[in-house]
Every structure is written in structure tokens, then in C-alpha cells.
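Inspection log for the structure reproduced underneath, given as C-alpha cells.
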Amino acid sequence: MRTSNHLIGLVNFLTFLASIPILGGGIWLSSRANNTDCLKFLQWPLIVIGVSIMVVSLAGFAGACYRNTFLMYLYLWAMFFIIAALIGFIIFAYAVTDKGSGRPVMNRVYSEYHLQDYSGWLEERVASQSYWSKISSCIRDSHVCGKMRRTYNGGIPEPVEMFNLRRLSPLESGCCKPPTECGYTYLNETMWNPGSGIVGSDPDCGRWSNYQQQLCYNCNSCKAGVLASLKKSWRKVSVINIVILIILVIMYMVAIAAFRHNKRIDNDEPYGETRMEKSQPSRIHF
């Protein structure tokens, strides 16, 4: 009995530790929501799941230490629903970020992003005017475009040959410069000369402005850049979540086995079927 309680206590301690990366992933997404991705509702399910695992694991640890059956039942049922919620979140994250990626540009290292390459719930949410006004304001306030400027020899802008060799982030490529199709002449990272007029057929060519508070913040390429940035962030967090999910499932199965072993000892029954199993074979139980 003591060995089983120690095992359950150890499982709950490890579960508590496993919740830290999940909570950390939610906090990381939250920091990016404030500074980079600018979409501020996606991190909350992950934060709630991480905090819930912490609280439930502490309840299970107390139940193992004090042999409190109610707390152990609470732990097992709550963990079942938390694991199900984490599975649902991972599936949702992959489903809404499944489509879309950057397109290569000739004689450029960076990629460019097009809104028509994306579709689904997340694309509709980002592209809606009510959300985009908040997102574009967040991008503008983050000064992501101002931070990409480089100068040499007392303020001389980076030459276009070096700019074309840069690996721009999706936001830098989509929001801070006009599409390459427009045929604008490079002056510096956020200043482009349209020349005699608009060359390309992309509607974003007409939305571009050298005014530093506007740039391409209202362009479809900027919306696509936000979606690409979100996809990259979510995929990083989802990889961690999958690893933690596998660990949680293994520890959950160990906790169930140890709990059932304790029940057999409390009922003074031999290894195998318990009285509950014999009298109520159709009842779902741990």
C-alpha cells in the first residue's frame, strides 16, 4: 500500500513538472501576441490547460499522501478531461494552420506571402475588418518595420543587393515592403520609389505607402504574413505539446494501475477482478 501511494505521489509530481512546458508555451504565445503575432486569444486555452494540470496534480499528490479517495477520484477524472482537452487543442492547432506558406521570389532569399494561399477559420478571423484594425495597430506599435533597418558608414542605407539576401520574417516581408511584383525601386527597407506608376496587378501595389505609419499594414500580404507567423509559432508549441501529451498519458495509465492496486488491497482482494467488477461488470470505473 505504501509503495503504491509513493508511486502515485511520484506520478503526480512528474505531472506537475509536465505542466510547466505547457504553461510556458502559453506564456510564450502570449508574449508574441503582444509583440509579434498580435492575435491575443489563441494562447488562453493553453494557459488554462497548463494551470489546470498544475492544480489537479497537486490534488492528486495530496490524495496519495493522505489516502484521500475523493481527491484521487477527482484527480483521475479531471486528468481524463484535461488530456482530452489537450488532444483537442493540438488537433485544432494543426487544423487551422494546415494551409498556406511563403512563395519563393526570384533572385531573393526571402519569401513573400499571399492571402489567397490561406483559408479556413483563422484566415477569416484575421482578414475580418474588426480584428484586422486591432492587429495592424498592434504591428505598428511593435515597430517591427523600424527594427529591420540597417545603415552603414554614418547612415547610408543597406544596398539592395544585401537586402535581397536577407531572410525576412513573414511580418517584415508582408507588412514592411511592397510586393516584388509591383516593380518599385528600393531606397531603403521601408522606402520604395514607385517610379512612373504601378507596374504589377497585385492590389497591394496601390495600398503601399512610404508614410511610415501606413507602409503595407492594410495589405493582404501583411495579413498573410500574420497567418504565416502564427503558423510557425503554433507548430513550435504543438511539437512540445505532443511530447508532453505522450508523457501525460503514460503517467495517467500508471496512476490508474496504482490506484486500482490500492483498491484491491483496501478490499482485501486477490490480484485480478475486484468485487465491483464482479457485481457490476458493465459499470465504467477506474
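Glycine is treated like the rest: Cβ placed from N, Cα and C.
Whatever TrEMBL says is automated annotation, not expert-curated.
Taken straight from TrEMBL:
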type	residues	note
TRANSMEM	6-29	transmembrane segment
TRANSMEM	41-62	transmembrane segment
TRANSMEM	74-96	transmembrane segment
TRANSMEM	239-259	transmembrane segment
* Asked: When each of 41-62, 74-96, 239-259 is checked against the transmembrane segment (6-29) for Cβ pairs under 8 Å, which one has the most?
  -> 41-62
* Same-chain Cβ contacts of the transmembrane segment (41-62) under 8 Å, 6 or more residues past its ends? -> 8-9, 11-13, 15-16, 18-20, 22-27, 29-30, 33, 68, 71-72, 74-76, 78-79, 82, 85-86, 89, 230, 234, 237, 241, 248, 255
